[in-house]
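Notes to accompany the following structure.
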Amino acid sequence: MMEEVLVGDKEKGYKNKASTCQTILNTFKLFLGISILASPHAFMNSGIVGGIIGISLATCLSIGTVLMQSDAAEKTGSIINSYSDLGYALYRGRGKLIVDTFILFAQLGICTAYLIFNGRQIEQIVCLETQGEICGHKNVYIFLATLILSPICWIKHLKNLSWIAFIALAGMLMALAVILYYDIYYITIETVEEEEEIEATIKIFDIVHYPLFFGIAVLNFEGNPATLNVQASMKNPRRFSFVFFLSAISVSTLVIIVSSLSYIAYGDEVEDLITLNLPHNDLTTIVRLVYSFGLLASFPLQMFPCLDIVEGFRCYKSLPNLPNFPVAKFLVTRTCIVIFCGIIAASIPQFGLFLDFIGAFSGTVLCFILPIVFYNKAFADEITRSRLVFNYFLLSIGTLLGGISAVVSFIEIISALV
């Protein structure tokens with residue numbers, strides 16, 4: 001029997017418990033992120049069959065590892081409200097530090113991706129609206145976004161602004177509907193010559209470029225680390241398995257449909273952000289603006305976990321406070337973190353490569369490696385040999401694929417910079 005470690009407080013936990021329907025919506029929102037917009041380009045790297053197989057396998061593995069971390073949390077006998085709580089319950093401070101470090105890296109990566117997306121989308125809108133007179137100012141728009149977002153991130157509590165995330169979800173669903181409409185439109189109006197030309201560029205399975213697909217496939221399940229928070233917030237936590245299974249299958253099906261149709265519609269001309277393939281008209285401009293605003297508004301919500309983690313580090317706490325301006329450390333630190341994301345966003349040459357690296361590096365660890373490690377630790381006294389061998393097999397596959405994908409995408413990023 002594991003020693004019980006108190007890592008949470010039921011009295012200070014989630015007071016307003018979510019119903020099953022609310023949890024389904026929250027979980028769906030958790031997984032439907034920016035990576036789906038890069039998935040069609042990822043299918044170009046994997047081939048259409050390779051992409052479908054990859055997303056399907058990632059979905060199965062994701063469901064399995066989330067259930068593993070849920071079982072591990074229950075096995076500890078502690079009050080587990082978050083991924084960090086689970087790391088602490090099983091490995092004390094070292095476990096919490098590892099979880100927090102990778103969450104920090106992943107969240108900073110997502111925030112940086114938001115800035116890149118907004119910079120490129122606003123650049124495209126302005127360039128098209130001015131008929132090519134004002135183009136090539138992506139970094140200016142990224143800089144302006146950091147100026148706007150920095151003071152917003154000074155706010156300590158954004159609980160009353162959580163509804164903003166639903167704006168991003170609404171914008172995403174609207175964008176996906178328009179993307180699917182134009183996918184089907186272009187597929188149906190293609191002439192025989194155009195169809196043959198596009199079909200010639202569509203790959204079935206591309207093993208050479210497959211590492212550039214893996215990271216984005218993993219990033220489609222970027223919400224896995226937050227599932228313990230979702231489960232803790234449920235009125236009926238026993239229904240979590242059903243809720244997560246339904247959400248994971250729904251999102252992966254949507255990713256496969258959007259990616260496959262977009263790749264078939266555009267072939268090797270598919271952009272690393274599928275919204276860049278949309279034609280220019282009033283409808284698509286509105287879609288781009290709504291989704292850009294939604295992501296911009298969600299930026300502080302995505303940044304808050306990073307800020308909480310940084311402000312909990314000893315090195316931050318050891319920094320001196322100015323006697324006459326005690327909040328200076330707080331304000332400067334938060335501003336520097338936002339500016340840091342802006343600098344990285346302005347430096348990244350290719351959006352798809354950046355997402356692939358984030359997914360392959362931090363996503364693989366958080367979604368596939370740590371859940372298995374935590375499960376093996378929690379059930380060390382009763383796990384069967386066959387189950388242990390199977391878990392280590394999954395661990396090896398995840399580590400190998402994630403490592404290869406991270407290295408390849410990092411090399412590609414450096415090559416593009418040079």
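For all residues, glycine too, the Cβ spot is worked out from N, Cα and C.
Here is what TrEMBL says about this protein:
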type	residues	note
DOMAIN	17-414	domain 'Amino acid transporter transmembrane'
TRANSMEM	21-42	transmembrane segment
TRANSMEM	48-68	transmembrane segment
TRANSMEM	97-117	transmembrane segment
TRANSMEM	137-154	transmembrane segment
TRANSMEM	161-182	transmembrane segment
TRANSMEM	242-266	transmembrane segment
TRANSMEM	286-310	transmembrane segment
TRANSMEM	331-351	transmembrane segment
TRANSMEM	357-376	transmembrane segment
TRANSMEM	388-411	transmembrane segment
- [ ] Give residue numbers and ranges for long-range contacts of the transmembrane segment (137-154): same chain, 6 or more residues beyond its ends, CB-CB under 8 A.
- [x] 115-116, 118-120, 122-123, 126, 296, 299-300, 303-304, 307, 330-331, 334-335, 337-339, 341-342, 345-346
Open item on the list: Counting Cβ pairs closer than 8 Å, which of 21-42, 97-117, 286-310, 357-376, 388-411 has the most of them with the transmembrane segment (242-266)?
Closed with: 21-42
- [ ] Kindly say whether the transmembrane segment (48-68) and the transmembrane segment (357-376) touch, using the definition of 3 or more Cβ pairs under 8 Å where each pair is 6 or more positions apart.
- [x] yes
Open item on the list: At a C-beta cut-off of under 8 Å, are there same-chain residues at least 6 beyond the transmembrane segment (357-376) that contact it? List them, or none.
Closed with: 35, 61-62, 65-66, 68-69, 71-72, 83, 86-87, 90, 95, 98-99, 102-103, 105-106, 109-110, 113, 211, 214-219, 221-222, 224-225, 383, 388, 391, 394-395, 398-399, 401-403, 405-406, 409-410, 413
